[in-house]
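Take a look at the structure set out below.
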Amino acid sequence: MKIVQSTIRVSRLRSMPQQPVWVGGWLQHSSALLPFTFPFLSLFQIHKQKSQNFNSDSFCSRQQKQRVHPLQQKMALQEEEIKIAKEAIKHAIKALRRRHLVEEAAHSPAFIALSKPLLSQGSEWKEKAENLEVELQQCYKAQARLSEQLVVEVAESRTFKTAIQEKDAIIADLQSEVAKARDECSDLNTLLEEKTKALELMISENQVLKTQLEEAKARADKFEAENKMLIDRWMLQKMQDAERLNEANAIYGDMLDQVNNSSIEQLARQQVDGVVRRSEEGAEYYVESSIPNMCKQRIPGHEGGCGTIVFEYNSTKLISGGQDRDVKMWDTNTGALVRTFEGCVGSVLDLSITPDNRTIIAASGSKNLVVWDASSARTRHTLTGHMEKVVAVDVSKISSRHVVSAAYDRTIKVWDLQKGYCINTILFPSNCNALTFSIDGQTICSGHVDGNLRLWDIQTGKLLSEVAAHSLAVTSLSLSRNGNTILTSGRDNLHNLFDMRTLEVCGTFRANGNRVASNWSRSCLSSDDNYVAAGSVDGSVHIWSISNAKIVSTLKEHTTSVLCCSWSGFGKPLATSDKNGSICVWT
């Protein structure tokens, strides 16, 4: 802009009238002022030449540095142009100042000289001087604007430089991240190759294992077929043995009937039954049992089912235990609740009472036994030691001190009630569902899931004898009053009577529709050992005569499976319980 103004000023001076002027005693031409514009013209040419040179140099440098960032190139070019513009402005300002001083010094004599002789020309020169003064002020203003533009350009240059630095930092970070990502990709590729190799190895091993598994399955199927064949043969042999044994028992029974009918022993025994055996300790009553045919009482005993009932010795009081974890004592004459025994944490699975009727023991599903005082219902002991639920318990008939229990941890434990702890443990291979003491208290009889009846010595814990009582699990054991025979019940729906001395079957009791309800369904013998009572899934109770193994009565009052039967020592009544918790008293 300054260069243009200077050019305009030169053109104006050239357009001034070419008249001689008297200055300082010399006649001078107005064109003498023209040389003062030369510095401005030369400065413009120099600036133009430098710009061309810079552009050519910049072009060469850009050709040489092709890899430089475009933004950096632009900033460098702007910085060079700003530097050149600064130098040009400085030269222009210096030239203007020199010109101003020269013009003031040169024009002042002319103004003085012209003002005296030529008043008309003085006013014209004065006007031109004022115009020049205005142009000078405009030049100063232009200089100020250029300075402001320069400041703005410098600020923008700094901003661009800061932005470039930030971008460079971001680029460096991104490059480092890219390098890390490449390293991670390399590691992942290596890991993937390793996993692929491992997977291929596992696949090959899996194929081998599948082949081995198929071979093992084939062998298992073969063994299973052989086992089934052997079981069938064994069952056939057992059936044949049972048939022969039943035939022998029938022959033996017929012979006994003939002997009894022709001898006086039958009459003597009938006369002895029903009297008091005062020679025995406790003077137990031994009366002939009657065949029940009528339900005298129906008692809603327990919630969830009643799985075990037992009569007190020489009493009509009945003790029951059920799924509601309570043990209750009932008066069978009235059906009234006498007492409730609490303290069991789990379901009551079996009950026993001492011969003196002072202590009640319950086998619980909570892996322990609970001992109560019968008169006060106070808990005397909690016997712990079993690892699984306790399913069977019995008290010695000689001493009220010793108790035996069986649990599903495949152990039988002998307890001392006076001491309150276990004194012996017997191990066996099959879980025990039922047990009872022998009449002399020296032998433990146990019925197992494998269908065997086993006899154990209580002192040594050794197995004395063993017999296959049933083809399926034994569910119940009931010892006769004289201790010579024992009744077993099994899941094969048979009830067998064994001779305790020889472990031979004395009788087998079965009935159409009579099916054992559970692994702990309890059958019983009558007090005179003449009858067998057993419940069924259909809610009926069958009573057999031991003498001829025939059904003498079928009781129907229960609406669901009968779980337990118990016969009073007085010969009547008979009590039964079912899965609904109901208790029926039969006379």
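Placed from the backbone N, Cα and C atoms, the Cβ positions cover glycine too.
Annotations in TrEMBL come from automatic prediction, not curation.
Copied over from TrEMBL:
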type	residues	note
DOMAIN	109-246	domain 'Autophagy-related protein 16'
COILED	129-233	coiled coil
REPEAT	299-340	repeat 'WD'
REPEAT	341-382	repeat 'WD'
REPEAT	383-425	repeat 'WD'
DOMAIN	431-478	domain 'Anaphase-promoting complex subunit 4-like WD40'
REPEAT	434-466	repeat 'WD'
REPEAT	467-502	repeat 'WD'
REPEAT	525-554	repeat 'WD'
REPEAT	555-587	repeat 'WD'
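For the repeat 'WD' (299-340), the partner stretch with the highest count of Cβ pairs under 8 angstroms, out of 383-425, 525-554, 555-587, is 555-587. Mean pLDDT for the domain 'Autophagy-related protein 16' (109-246) in this predicted model: 85. Residue counts for the domain 'Autophagy-related protein 16' (109-246) by DSSP state, with H, G and I taken as helix and E and B as strand, are 135 helix, 0 strand, 3 coil. Per-class residue totals from DSSP over the repeat 'WD' (525-554), listed helix then strand then coil: 0 helix, 17 strand, 13 coil. Nonlocal intrachain contacts for the repeat 'WD' (555-587), taken as residues 6+ away from its ends with a CB within less than 8 angstroms of a stretch CB, comprise 284-285, 287-290, 292-311, 313-316, 318, 320, 322-324, 330, 332, 335, 517-518, 520-528, 531, 533-543.
Sorting the repeat 'WD' (341-382) by DSSP state (H, G, I as helix; E, B as strand; all else coil) yields 0 helix, 23 strand, 19 coil. Away from its own ends, the repeat 'WD' (383-425) comes close to residues 346, 349-356, 358-359, 361-371, 431-437, 439-441, 444, 446, 456, 458-459, 461, 519-520 of its chain (Cβ-Cβ under 8 Å, at least six residues beyond either end).
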